[in-house]
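TrEMBL annotations:
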type	residues	note
REPEAT	20-54	repeat 'PPR'
REPEAT	123-157	repeat 'PPR'
REPEAT	224-258	repeat 'PPR'
REPEAT	294-324	repeat 'PPR'
REPEAT	325-359	repeat 'PPR'
DOMAIN	558-629	domain 'DYW'
Amino acid sequence: MTRPHPLFPYANKWLDLQNTTASWNARLRELARQHHFQEALNLYCQMLASGDSPNAFTFPFAFKSCASLSLPLAGSQLHGHVIKTGCEPEPFVQTSLISMYCKCSTIACARKVFDENPHSRNLAVCYNALIAGYSLNSRFSDAVLLFRQMRKEGVSVNAVTMLGLIPVCTGPIHLGFGTSLHACGVRFGLDGDLSVGNCLLTMYVRCGSVDFARKLFDGMPEKGLITWNAMISGYAQYGLAGHVLSLYRKMEFTGIVPDPVTLVGVLSSCAHLGAHAAGREVEQRIELSGFGFNPFLKNALINMYARCGNLVKARAIFDGMLEKNVISWTAIIAGYGMHGQGELAVQLFDEMISSGELPDGAAFVSVLSACSHAGLTEKGLYYFTAMERDYGLQPGPEHYSCVVDLLGRAGRLEEARKLIGSMSVEPDGAVWGALLGACKIHRNVELAELAFEKVIEFEPTNIGYYVLLSNIYSEAGNMEGILRVRVMMRERKLKKEPGCSYVEYQGRIHLFLAGDRTHPQAQEIYRMLDGLEDIIKRRGGSNDNDQESRNEELITGMGVHSEKLAIAFGLINTGPGTEITVMKNLRVCGDCHLFLKLVSEIVDRQLVVRDATRFHHFKNGVCSCKDYW
């Protein structure tokens, strides 16, 4: 009979201990996987209390839990346990420890862990963890230097390295480095990795190079949902709404099923374009996909319908929401504001406060803008004061811009100028532009010149401000001033964006450019316009803004403005009593505004025009903007 080895009992005890530790680790892994991080840390404490010892497989789950809960002190205590148990050299313990410190924003501790362990300099996983940590903490230079050190040490670069490093490129200033990383990815054979491709695509968008992003997108052999979403969101971010809708159609054709992220981007573009029919299609897709209760999509639908002119539908969606957040309230308030229904916007804002929902900066922009559009001067000033006094919110340039416009509407130009001088933040182009617009309404040439000098410092290529100043000079009979503006524009090689308007009819978009004669019904359209002009003249309708229109046409070289053509098309093709809605890319000029008021009375129709800033509802010779826009 073979005698047992004298150490056999101790070997069994060691195996039992390992089995017990493995059981704890399995439970820790499952809790961390399910994001029950506090329970995972509680279980770790129970493990210690039971007398069982953690091993190298225990700590990554515990560190992940500390990082997710942002508990740097607990993480430091765990670090002490790592040292005590001798697990520090293990690569996966090292990486989880570095990641924990980075995610807890104690980046210096992460670097110390990396520098003090001699194994780190040879391990790609350790470099990757620290590079990703630098990226997470917006430490661009440190991430780049560590990457260079990694290459110098001859440590291999992989997809994880690129995924950690590319996100440090967050703006146009980083485009050159981002392009270099793209080249590195190709050299290392990572250009076929879908995750790396998606990351590079997002980088190009963030750096403002949408064309590079699209070129990369088109060249990717494989495109997943994330790829399509990145490109669609990129176009939406830069206001390239037409590209969004075109890409969305292509995505549908390829069989990729959109998710809520896709549909939010598409809805924002429908709102931007005023593409009512396309927006309705997206709403149907939302319902068929089972996303009907998604609050982000509900908010996007409210915004889309309001900006497409269907305020009734926007309100119905808002009222039907079981839970409304500040974004929901802001969307509907902004909708009423841009339609000139400031009283209802104010009422909704007060209801939001009563419901217990705290307004944020965007909500105050919406209500201040609504007060401005509706001429609710005192109410707007009250909200502006309450913003900081009652809610501790510091006004930004966008809030001051609304208040300058509010005071300007009321003719309180000197107060508006003094407000700009007292701003706690640097006034931007929009603030000075609001003052310039007020000077146009109240014909204050001297203050207009000051506002113009300031606004073109911020937006030297915005031709709208040059046209506005020229119109101010025109109304004052200052031909020398008009000439100066034209010389400035010629010297700076500025050309106005072509005016265009479009109308939806029988499922099609009918687009008109200024002076357009290419539409199949062009002869009938111009005949209709001539007839309307004759009726206005016979009725004795005068247009004090004719000179403004002629002046703008001289400056820009445009003919009949596009909204007139679109309205005439609508009158020809729709029956009596039908509302006509037109979308325009630029601000409505004074001549067209008066013309549309008079036409609405002649034809007894409601004519709705959405220009660059708001909706104009023309009915019975009156406009909802009360002649201030």
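Each Cβ is built from the backbone N, Cα and C atoms, and glycine gets one as well.
Residues 260, 263-264, 267-268, 270-272, 274-276, 279, 282-283, 286, 331-332, 334-336, 338-339, 341, 355, 357, 581, 608, 610, 615 of the same chain sit 6 or more residues outside the repeat 'PPR' (294-324) yet have a Cβ under 8 Å from a Cβ within it. Among residues of the same chain six or more beyond the repeat 'PPR' (20-54), those with a C-beta under 8 A of the stretch's C-beta atoms are 61-62, 64-66, 68-69, 71, 74, 81, 85, 87. Residue counts of the domain 'DYW' (558-629) by helix, strand and coil are 26 helix, 16 strand, 30 coil (DSSP-based).
Remark: secondary structure over the repeat 'PPR' (325-359) totals 26 helix, 0 strand, 9 coil, with classes taken from DSSP.
Tertiary neighbourhood of the repeat 'PPR' (123-157): same-chain residues 91-92, 94-96, 98-99, 101-103, 105, 107, 110-111, 114, 117, 163-165, 167-170, 174, 177, 184, 188, selected by CB-CB distance under 8 Å and a gap of 6+ residues from either end.
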